[in-house]
Amino acid sequence: MGQRPQLRLVKALLLLGLNPVSTSLQDQQCESLSLASNVSGLQCNASVDLIGTCWPRSPAGQLVVRPCPAFFYGVRYNTTNNGYRECLANGSWAARVNYSECQEILNEEKKSKVHYHIAVIINYLGHCISLVALLVAFVLFLRLRSIRCLRNIIHWNLISAFILRNATWFVVQLTVSPEVHQSNVAWCRLVTAAYNYFHVTNFFWMFGEGCYLHTAIVLTYSTDRLRKWMFVCIGWGVPFPIIVAWAIGKLYYDNEKCWFGKRPGVYTDYIYQGPMILVLLINFIFLFNIVRILMTKLRASTTSETIQYRKAVKATLVLLPLLGITYMLFFVNPGEDEVSRVVFIYFNSFLESFQGFFVSVFYCFLNSEVRSAIRKRWRRWQDKHSIRARVARAMSIPTSPTRVSFHSIKQSTAV
């Protein structure tokens, strides 16, 4: 139990030694609890140790397990852990009881706070890195007009949706204090609605990615007939009435705490969570069909368009499970085990905060069209500056006497 619990143990021993009546009563209660147990042969009799734990009648040679005491010298302990004591082969209890697993609840709360603060740091770090990467990707798609086809416009809008979601995440973290959270003012509810709207747009733009690839590869429908406004309606338009319906539900049935969380028995959050799960499942079906076609019909094809489709599919195959895993984690109960809870907190914090970074990497930084356009821009910039440098050097060379005399001779001849 550590140094301080050991000091408390010494004090408890002194107190118990001075009060034999209470010890005798505990022994009687422990003996009465052991009457129901059927133990034959050599055995250890029921006994209460100096901490107050009842060790029931047990066969010789057995290691007996008992829950940690709920209270010990005014301190609460975690009763889900156990203490251990051996019933020796001669039918007597071992003098030493192993309480090493028993931990103060105060210490557990401190550990939980430490893990919480680390998770907060991971969240801030991940969202900062993601936001920087997303902004760089956004500027690249904005500046590189030569690659502005419908496929890359969809990538660009997906990145924009993630930028807005990350930005509203920072707004929520920096403005919604516990006091504001409890007061449930109108502006904090609007901030929550905006964050949830951009959260939904992430999934619908991923759905747009899946629709485009499924149309081009599985349905073999010409992508020239697809229009940007169709995907704008899917990505930005459809989530809006969903969030409006959710906000109305919150206003009438769960209007508290800035619309974060939910009360037991109130399911208004499923108004926007349901469509997110639906488009996620549809995208998984799309990807299954796309991969099936790529593995059969397009394997031998080496056209540049097919290569781009394959790379887009690879990116979507990585990102869609990434988005899906992080969202499905909200429905998972990590359990009571401390290790599983800590792993769950860290894993969820990492995936949730670094999503934007992964989207930027797979759809922009690893995009061969983007990289090729950047290389061309870089070469043009180098050529332009090298020409300027050569001209500047030529202009800075002083005119030699030979050239001056020759020029004057030509002028005199012309006259």
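Even glycines carry a Cβ here, placed using N, Cα and C.
The disulfide bond recorded by Swiss-Prot for C44 reaches one of C30, C68, C87, C102; that cysteine is C87. Relative to the membrane, L219 and T296 are listed by Swiss-Prot as lying on one and the same side. For the annotation N-linked glycosylation site, the record in Swiss-Prot points to N98 among the listed residues N98, N166.
Out of C30, C68, the record in Swiss-Prot bonds C54 through a disulfide to C30. Among the candidates C188, C211, C233, the disulfide partner that Swiss-Prot records for C258 is C188. Listed as Cβ neighbours of the topological domain 'Extracellular' (254-269) (distance under 8 Å, sequence separation of 6 or more from its ends, same chain) are residues 176, 180-182, 184-185, 188-189, 191-193, 246-247.
Tertiary neighbourhood of the topological domain 'Extracellular' (175-189): same-chain residues 247, 250, 255-260, selected by CB-CB distance under 8 Å and a gap of 6+ residues from either end.
Broken down with DSSP, the topological domain 'Extracellular' (175-189) shows 11 helix, 0 strand, 4 coil. The transmembrane segment (190-218) shares the most Cβ pairs under 8 Å with 150-174, out of the stretches 112-142, 150-174, 226-253.
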